[in-house]
Amino acid sequence: MTLRPTQDGAASRLLIVGPQGSGKGTQGIRIAEAFGIPAISTGDVFRGAVAAGTELGLQVQAIIAAGDLVSDELTSAVVRDRLAQPDAAHGFLLDGYPRNLAQVRSLDEFLDGRGQELDAVIELDVPRDESIARLSLRATEQGRTDDTEEVIANRLAIYERETSPILDVYRDRGIVDVIDGLGSLDEITDRVIAALEARGMSRPAAA
Ligand code: ADP
C-alpha cells in the first residue's frame with residue numbers, strides 16, 4: 001500500500017459509500033467528528049431544502065420521493081457550493097456524492113482545480129438482506145417518504161447499477177478501504193478510524 005501525503009498535511013478528504021441502509025449516514029457523522037471535518041450529505045441537503053420549501057427543495061421534491069436521482073448538474077452545483085465554504089477548506093467527508101461516474105468526473109475536476117484530491121473512500125459492506133431490514137425499521141421509526149418498499153427497491157437498483165461502478169474507479173487509485181458494516185455502531189466507527197489511521201491520517205488532538 002502506498003501512503004499518499006496530502007498537500008496540506010492535516011487535511012482529510014473522505015468519501016463514504018454503501019448501499020441504502022448500510023449505516024453510512026450515521027457512521028459518516030461519527031467519522032467526520034473524529035477527524036474534525038464537516039460531514040456533507042447530499043441527501044440531507046436536499047431533504048433540508050424540501051423541508052424549508054426553498055427553490056431547490058421545490059425542484060427536487062418529486063425526484064426524491066420517487067427514489068430517482070437528482071440531475072448531475074444540479075447536484076454537482078450544490079456540492080461545489082458547499083465545498084467552497086471555509087469549514088471544508090481543510091477536509092470534509094462526503095456522503096451520497098459522487099453517486100455515479102459523471103459525478104466522479106465532476107468532483108475530480110473541482111478538486112483538481114484546487115490542487116486537491118480525495119484521500120480515502122470508505123466502502124461500508126453490508127449484506128443486502130440486512131440493509132433491507134434496517135431500511136424497513138427506519139421507515140417505521142422516521143417515516144421518511146422515500147422508505148416505502150417500492151421506492152427502496154428503486155434506490156437499491158440504482159445503487160447497484162450506477163454507484164457500485166464508482167468504487168472500481170477509486171479502487172484503481174488505491175484509495176478504497178472496505179469496512180465490515182456489521183456490528184455495534186462503536187465497533188464499526190473504530191474499524192473505519194483504524195483503516196484511516198493506517199493510511200497516515202491523524203485525528204486532531206483531544207481538547
Ligand atoms: P439513500 O442513499 O438512502 O437513498 P440519501 O439521503 O443519500 O439516501 O439520498 C436521498 C435522495 O436524495 C436520493 O434518493 C436522491 O433522490 C437524492 N440524492 C442524494 N444524493 C444524490 C446525488 N449524488 N445525485 C443525485 N441525487 C442524489
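Cβ coordinates are placed from backbone N, Cα and C, and glycine is handled just like the others.
ATP binds G21, S22, G23, K24, G25, T26, G183 as TrEMBL records it, and from the list R80, R138, R144 the residue named for this site is R138.
The AMP site recorded in TrEMBL comprises T42, R47, D68, L69, V70, G96, Y97, P98, R99, Q103, R144 together with one of R134, R155, namely R155. In this view, G25 (ATP binding site) is surrounded by 18 other Cβ atoms within 10 Å of its Cβ, with every protein chain counted.
The closest partner of G25 (ATP binding site) among the binding-site residues, by CA position, is T42; the full candidate set was T42, D68, V70, R99, R144. Close to ligand 1, meaning a Cβ under 6 Å from one of its atoms, is not one of the binding-site residues G21, S22, R138, R144, G183.
Shown are the binding-site residues G21, G23, G183; of these, the residue with the fewest other Cβ atoms within 10 Å is G183.
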